[in-house]
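Over in TrEMBL, the protein carries these features:
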type: DOMAIN; residues: 9-73; note: domain 'Transcription factor CBF/NF-Y/archaeal histone'
type: COMPBIAS; residues: 93-120; note: compositional bias 'Basic and acidic residues'
type: REGION; residues: 93-143; note: region 'Disordered'
type: COMPBIAS; residues: 121-143; note: compositional bias 'Acidic residues'
């Protein structure tokens, strides 16, 4: 757990970026307002985490999962966030699946290239042996 309450605040740069994206161009925000939003966001995250943790504990788990967070949003009466969160979660899962498949494809390609290289080396070794045998055969014929 954090030693000081300030340790629980979200990074100011992140809060500023989110605020700028939410407001129309040309609208400024004071430092006090940015600080208040940062504290409110931090309290919201802590409260949502606490509620989600309760759902995990009811399920006799120590790890929070997406279902716990979605259930916490409903319990906190933020039902309007559930659908966008589910959509974002689905996008995230698709991206992760795509990355995992890309890694598998890359690994398969690397393995395939390694096998091809190994085969080439084996073929080179076989060619060298055949040349040596031919030279030996020629030497025997000459003798």
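Counting starts with 1 at the first residue shown.
Glycine residues also receive a Cβ, built from the backbone N, Cα and C atoms like all the rest.
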Overall pLDDT for the domain 'Transcription factor CBF/NF-Y/archaeal histone' (9-73), taken as the rounded mean: 92
Counts of helix, strand and coil residues, the compositional bias 'Basic and acidic residues' (93-120), according to DSSP: 28 helix, 0 strand, 0 coil
Secondary structure content, the domain 'Transcription factor CBF/NF-Y/archaeal histone' (9-73) (per DSSP, counts of residues): 47 helix, 0 strand, 18 coil
